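Contents: one structure, followed by commentary.
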């Protein structure tokens, strides 16, 4: 195993640890594509964790400077400051793919702002956040998952990322509240007459369910729009993207089956993932 292979293996471990659903799906890509996904996921995870886990703004600055070095001089030797193994893997990817570096910087800017979280006044602000933390990831992955990236390809990948982030929010309402965060907008909370603190303390009510389903309908519509345009991605990537997205959309039904609880994180079990895999395998005949 070469040193570069070890770098990619390190990135893969990060992805498997933090997102079993993504790993389950994207590990089915051809080798070069899945390695690129591992590297990009690992970079994005380190960006996310720089503040939430490490509480280290300097580490986030180092990540940004390392990415800038790769963008400017992709073939030069660099003394990376953040995580050398991840950055070497990203540099290798950047030498072969047209990486949308600005999307990395947009993600970093969102993480900077998230240090001083305040509730969103409107849904527009919420959806802007979903772009910043997840739509950006879709943009960065676009050259890996398509043969000829176009404006439409970037748009579809961006919308998929935003949809998956909204699903994350719908899954983690209680966990986020424990961390003193409510991502639903004040505008929509007022419209549906919902106080998350009250729901957390006293249990789910019809007002909360209606609010939750309002946002779930948006995520489901975006998911369907992506599925309707999935042919913008490469033949190899189409079944993988559909598998990842369908595993994620299944989370919404898991929340429903758990009676919208705020006190337990739901997940899609291995049996259901395997069922989805076989359905999509039959559809595409080539996973």
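Cβ coordinates are placed from backbone N, Cα and C, and glycine is handled just like the others.
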Using only what Swiss-Prot says about (2E,6E)-farnesyl diphosphate 1 binding by 18, 19, 20, 21, 41, 45, 171, identify which of 105, 112, 248 is listed for that site too.
248
Work through the binding-site residues one by one (48, 52, 172) and point out the residue whose CB has the fewest other CB atoms within 10 angstroms.
52
Could you check the binding-site residues 19, 21, 165 and say which one's CB has the fewest neighbouring CB atoms inside 10 Å?
19
Between the two most distant Cα atoms of the (2E,6E)-farnesyl diphosphate 1-binding residues 18, 19, 20, 21, 41, 45, 171, 248, the distance in Å is 21
Under a three-state reduction of DSSP output, how is residue 248 ((2E,6E)-farnesyl diphosphate 1 binding site) classified: helix, strand, or coil?
helix
Spatial neighbours of residue 168 (Mg(2+) 2 binding site) among the binding-site residues 19, 20, 45, 52, 248, defined as Cα within 10 A: which are they?
248
